[in-house]
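Sharing the feature lines straight out of Swiss-Prot:
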- 1-85: domain 'Core-binding (CB)' (DOMAIN)
- 106-285: domain 'Tyr recombinase' (DOMAIN)
- Arg146: active site (ACT_SITE)
- Lys170: active site (ACT_SITE)
- His237: active site (ACT_SITE)
- Arg240: active site (ACT_SITE)
- His263: active site (ACT_SITE)
- Tyr272: active site, O-(3'-phospho-DNA)-tyrosine intermediate (ACT_SITE)
Amino acid sequence: MRADLDAFLEHLRSERQVSAHTLDGYQRDLLKILALAEKAGLTDWNALDTRTLRTFVARLHQQGQSSRSLARLLSATRGFYQYLLREGRCRHDPANGLSAPKSPRKLPRTLDADRALQLLDGAVEDDFIARRDQALLELFYSSGLRLSELVGLDLEWLDLKEGLVRVRGKGNKVRELPVGKAARQALEAWLPLRAQATPEDGAVFIGRGGKRLTPRAVQLRVRQAGVRELGQHLHPHMLRHSFASHLLESSGDLRAVQELLGHADIATTQIYTHLDFQHLASVYDRAHPRAKRKGNADGGNDP
């Protein structure tokens with residue numbers, strides 16, 4: 001059974017050319033399914049039935065696994081079984097028709113515009129680390145990059161003269177994004193210092209030794225900046241969420257925000273409309289004459 005799993009992972013890597021992050025996710029989820037099958041005494045994938053898989057998913061949910069994680073596990077299982085069916089290694093898909101337990105969708109955490117400016121407008125020392133960190137923070141917020149997109153960014157994809165950056169997002173899709181003035185200036189201040197560090201390759205963001213920054217290193221730098229400037233923990237995706245929320249709030253153009261974020265489905269982008277409504281409701285509560293009378297004991301029972 002492990003041989004079939006390894007063959008599928010190699011198929012994903014070499015033929016479908018999925019990212020290392022995606023491949024790790026598939027492997028992690030499918031190893032859980034393999035452990036389930038072995039614990040049940042199964043000797044081939046055809047013996048795993050829908051009832052056993054449903055019970056396993058329910059148990060994981062009771063143990064605290066999120067609906068999102070379980071949906072990903074079922075998706076990986078379906079992909080694996082579709083591969084087995086094509087290869088003639090199996091006659092059915094036990095995950096077909098199964099869905100993860102639903103849970104309320106959490107709204108993404110964002111910074112309000114004033115807090116974003118507070119994070120980015122502080123004094124920046126003219127040294128390697130400070131200039132690099134300022135550039136990556138500005139680019140996250142200016143262009144709404146994912147962490148993987150920023151870490152994977154190479155110089156050849158950056159056009160500061162035109163104020164554009166190209167990134168390779170999910171599904172290997174390339175999109176072109178604008179780079180705002182503040183981010184351009186931060187990058188222009190950073191790149192000469194980068195060149196002095198003898199970079200190993202074309203990575204835009206590197207450490208002192210010239211190596212490309214890892215996702216973990218960027219997460220730590222963003223977190224430290226949040227604590228230092230705002231007194232709160234901050235993660236890269238919060239800057240991406242803030243970019244999307246502030247842009248939608250100002251423009252109202254959901255399709256444009258979808259394109260900039262690289263979402264394949266506009267339903268994914270629509271979560272930011274809920275954030276925008278929260279902002280509008282807050283403004284209403286503060287500014288509308290009738291709203292301000294709520295809870296006012298002197299309001300009486302006006303006709």
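Any Cβ shown, glycine's included, is placed from N, Cα and C.
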How many Å separate the Cα atoms of His237 (active site) and Arg146 (active site)?
7
Which whole-number value in Å describes the distance between the Cα atoms of Lys170 (active site) and Arg240 (active site)?
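Their Cα atoms are separated by 15 Å.
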So what's the mean pLDDT when you look at the domain 'Core-binding (CB)' (1-85)?
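The predicted confidence over the domain 'Core-binding (CB)' (1-85), as a mean pLDDT, is 87.
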Got a sec? Which of these active-site residues, Arg146, His237, Arg240, has the most Cβ atoms within 10 Å?
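The most densely surrounded of these active-site residues is Arg240.
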Can you give me the Cα-Cα distance between Arg146 (active site) and Arg240 (active site) in Å, rounded to a whole number?
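Checking the Cα atoms of Arg146 (active site) and Arg240 (active site) gives a distance of 7 Å.
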Indicate whether His237 (active site) is helix, strand or coil by DSSP.
helix
What are the helix, strand and coil residue counts for the domain 'Core-binding (CB)' (1-85) according to DSSP?
68 helix, 0 strand, 17 coil
